[in-house]
Amino acid sequence: MSAAPTDPPPEDLTPDQAAAELARLAAEIAAHDAAYHQHDAPTVSDAEYDRLKARNAALEARFPELIRADSPRHKVGAPPAAGFAEVRHRVPMLSLDNAFDGADVAEFLARIRRFLKLDPDTPVDILAEPKIDGLSVAVRYERGRMVQAATRGDGRTGEDVTANLATLEGLPERLCTDTPPEVLEVRGEVYMTRDAFLALNQRQQAEGGRSFANPRNAAAGSLRQKDPEITRARPLSAFFYAWGEVVGLAFESHHQYLETLAAYGLPTNPLARRCQGVEALLAFHAELADQRASLPYDIDGIVYKVDRVDWQKRLGEVSRAPRWAIAHKFPAEQARTVLRDITVQVGRTGVLTPVAELAPVTVGGVVVGRATLHNEDYIADKDIRVGDTVTIQRAGDVIPQVLAVVPEARPADAQPFRMPDHCPRCGSETVRESGQAARRCTGGLVCPAQAVERLKHFVGRQAFDIEGLGAKHIESFWSDGLLASPADIFRLDADRLAGREGWKETSITNLLNAIAARRTISLERFIHALGIPQVGRATARRLAESYGSLTALRAALTQAAEPDTDTGARTRAELLDIEDIGPAVADELVGFFHEPNNRALLDDLADLLTIEPWQAPEAADSPLAGLTVVFTGSLETMSRDEAKSRAEALGARTATGISKKTDLVVAGPGAGSKRKKAEDLGIEVIDEAAFLARLGEA
Ligand SMILES: NC(=O)c1ccc[n+]([C@@H]2O[C@H](COP(=O)([O-])OP(=O)(O)OC[C@H]3O[C@@H](n4cnc5c(N)ncnc54)[C@H](O)[C@@H]3O)[C@@H](O)[C@H]2O)c1
Ligand SMILES: [Zn+2]
């Protein structure tokens, strides 16, 4: 694996620099592991992830004394996610070392011969199997009956997915044999075929659900469901190729084991082949690389395994991978084509992503017409221009990306690309915060790309808190044109809602009443409801407290938009004086209130609503004034949000964690470690009834 062009060679680093980079890599790789293995939602491509791992390995090779206890080299996967019962693997489930070229494969074979001290005439059978891009599972059969299934987890402890896997088609509940072994834990890979993946994504999109980046994530996300019924509805498949605990079954070679599994009725991969010598392995690798695009499922390489089981045992394992096997990955597939245009997509959070519109080209058997360009810095760094001939890469699974420009092929009139300063979806201004690569549309509340997310936030519990207007209703109202902006919520009437599926007269009346009840709203909630990035409940409260009314807030932020004037500079300084408001938050606020689309909406809302000016809590004579209060455990008579806001209304501050600054803890049933910590620190702990009594005193 090549290092990124910007990585200095390890030899050039001082030990301090190397230690700092190793620490950063450990944290970054652990975060990617969690995203990938626990949440089935990677945030970087596998190629990028592999590059980080390779960089880590290169640094560790140069500075072995700096290898960290939490080094990624020791780790397999990620621990089980919350919500699953845990299964302890009696035989650990390992990962595999990687080979990237013929030299790596030759070295793998040579190492085996050296380790086993084989003389040159002794043949070494290697079983080569496609490396299925899915997730590993262990399925335990006792006396021929399936009793348990688990994911790999961190290799020692996995997640119990017995009920989920029981629904997998083609997985026998009983092994097809009259003489089943006492215990047989078969291991293999659960995957989703490409067709099933495409169909699932289409269905998910139609239903407004989450779509998956690739079949691997779809398989993992589908298997690791808390509700087995959901798994049942997802078409999963499996191939088995390994074993864990085995009692009462003997086999001498890997291929013999696979034959036994097939005879038992377990799915095994028909493409596995026994080979000898590096040439045969590389030929098989090349053959499958050609077939790869036409296989019904994704593979990301070939796994080579020593066939003889006694040799496997002698070879054993090193930290996280066996010595007797290696994964020979396929290179990412690349092609050249012409960049016809750069379009800009707006995501649900308002982030603008430039997209390369390409002259369609086949990459590894798949026609690619678009590729991501990530963000404007990426385009500028590589100086990518419309009309250029570019190299693109498809790493099997992720969205193709533009890697580089072919400079000799640039047309004379090619112009550098500029990100639009207005949103292509709604025309609002776009801004880029200092220190961030992403540019965002500031028209949050009026931008169709963001509308649904923002509307959901707007009616949410911490904002307008409109009961009966849930996420599903928002989506369906929005797609039917009933709601385009938050102001439309207050224009809904019985006529427009009548006749909608699932809406009886009473539910319409209830919804309209709930909306009417919110026509008067506190300034603090109103600001929070606007969903301005980085402006949460606490910041909204501080703004309300500092400016008092919406009119005053708008006036200040309009002035702060002109920092070159005296008044502008002063108002900006005042804004920055408010606790928790730094330059980035100030930019967000100014950008939001500056955007004409947002201003029109605010005018609209001000007409429809009564926005109550800030009322200072009558702090002095309240028993909670000035105290920092933490709620823990469950409350019976009110929600935690309500308890917090009532405490705050009486001049208290609320916090989530216990510290020396905490004055009072309200603990309900189920309060665990926080209660203990509070008691240890000698902080007053009261129950809900006592809390209510204090509210009553106010
Ligand atoms: N994009 C990300 O953020 C991210 C994060 C973590 C991991 N990853 C990717 O996941 C992989 C690393 O994870 P890993 O530890 O599972 O290693 P791995 O996928 O490289 O190899 C080990 C796994 O291969 C699987 N496998 C498939 N077919 C097999 C066969 N025939 N025989 C044996 N094993 C077979 C098994 O599940 C085994 O656990 C890399 O490809 C990495 O790029 C990506
Ligand atoms: Zn927009």
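Yeah, the Cβs are placed from backbone N, Cα and C, and that goes for glycine too.
Caution: TrEMBL annotation is automatic and unverified by curators.
Checking the candidates Cys275, Cys447 against TrEMBL: the one annotated together with Cys423, Cys426 at the Zn(2+) site is Cys447. Cβ atoms under 8 Å from those of the region 'Disordered' (207-226) belong to residues 37, 40-42, 81, 83-84, 133-135, 137, 151, 159, 161, 164-165, 190-194, 196-197, 200-201, 234, 236, 297-298, 396-399, 472, 475 of the same chain, restricted to positions at least 6 beyond its ends. Spanning the listed NAD(+) site, residues Asp46, Ala47, Glu48, Tyr49, Asp50, Ser95, Leu96, Glu129, Arg152, Glu189, Lys305, Lys329 have a farthest Cα to Cα distance of 26 Å. Note on the domain 'BRCT' (619-698): DSSP counts are 28 helix, 15 strand, 37 coil. Ranking the binding-site residues Asp46, Glu48, Asp50, Leu96, Arg152 by Cα distance from Lys131 (active site, N6-AMP-lysine intermediate) puts Leu96 first.
In sequence order, Lys131, Val303, Ala321, Pro322, Ala325, Ile326, Ala327 are the residues of the chain that are 6 or more apart from Leu96 (NAD(+) binding site) and have a CB within less than 8 Å of its CB. Each residue in the domain 'BRCT' (619-698) has a pLDDT score, and their mean in this model is 83.
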